[in-house]
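Q: Encoded as structure tokens, here's the structure I'll be asking about.
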Amino acid sequence: MTAAADLYCVMGNPIAHSRSPWIHARFAQLTGQSLHYERRLVPLDGFAQALQSFAAEGGRGCNITVPFKLEAAQLATTRSERVQLAGAANTLVFDGGSIHADNTDGLGLVADITQGAGVPLAGRDVLLVGAGGAAAGVLGPLLRQHPRRIAVVNRTPARAQALVDSHAALAALQKTELLALDMQAPGADFDVIINATASSLEGGPVPVPASVLRPGSLAYDMMYGPAAQPFLDWATGHGATARDGLGMLVEQAAEAFLLWRGVRPPSAPVLQELRAAIAAGA
């Protein structure tokens, strides 16, 4: 790191798997920005101290991954509307002793669906599978795309209803029907199905029936790599178009980069390079 390079990082536990340093290094090269971005493994009980240490080093911003997104939102000085709605933050901006929290996950998901996959969300029927932090982080930006309907399903129905209730005002403003449905019988023929659960990681079956799919539906798993494969295989086996969350990863990083540097990096070539690197075993 040169003296002129601004310091950024991603904090999480675990963190060794993170592709964020590579992504942001490519963004910096493509936009002519001078920065250094690194991984930081944070003890489960040491997140607040890690933020203090990073700020003392002159850190300018950091991405936050599991399990610290809720704590990041709580510890920030100011919070974006997206963070206030989701209750979680994945991007922190350090400025003059203050910490501003934002959440770019939903923006990344929307960009990858509408631009990467070329599927518009306006006027569509969307099924959001899961009601945890991942789902909460994306529901607001999904609603802002003016879909006709978003149905939320979850193993614990009360959590799905709570997520719906917390976003009811925004849904009404967007004139979108937002409701919680039975996970085992959510209805049929959704245009877009988004898996925001860790069902594949847990070794369980896909948590919704195949009746939610129709030929031409987009089935999107917010995970990527082996974790997403069971869901993707299930979707293609029932005639849907399947897409993993690697594009979401790159797009949310691009949004964070824009917040930090004031420059929007090109995401498409970086995603193409990243897919090639992963396919080659890098």
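Glycine too: its Cβ is placed from the backbone N, Cα and C atoms.
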Q: Considering the NADP(+) binding residues Glu81, Gly130, Ala131, Gly132, Gly133, Ala134, Asn154, Arg155, Thr156, Pro157, Ala158, Arg159, Gly245 given in Swiss-Prot, which of Met11, Met222 is annotated for that site as well?
A: Met222
Q: To the nearest Å, how far is the Cα of Lys69 (active site, proton acceptor) from the Cα of Asn90 (shikimate binding site)?
A: 6
Q: Inside 8 A of the center formed by the CB atoms of Ser18, Arg19, Ser20, Thr65, Asn90, Asp105, Tyr224, which other residues of the chain have their CB, for the recorded shikimate site?
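A: Once Ser18, Arg19, Ser20, Thr65, Asn90, Asp105, Tyr224 are set aside, the remaining close residues are Val10, Asn63, Leu249, Gln252, Ala253.
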Q: Please find, for Glu81, Gly130, Ala131, Gly132, Gly133, Ala134, Asn154, Arg155, Thr156, Pro157, Ala158, Arg159, Met222, Gly245 as listed binding NADP(+), the greatest distance between any two Cα atoms, in Å.
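A: Largest Cα to Cα distance for the NADP(+)-binding set is 28 Å.
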Q: Give me the long-range Cβ neighbours of Asn154 (NADP(+) binding site): same chain, 6+ apart, Cβ under 8 Å, in sequence order.
A: Val129, Gly130, Ala131, Gly132, Ala135, Ala160, Leu163, Ala180, Met183
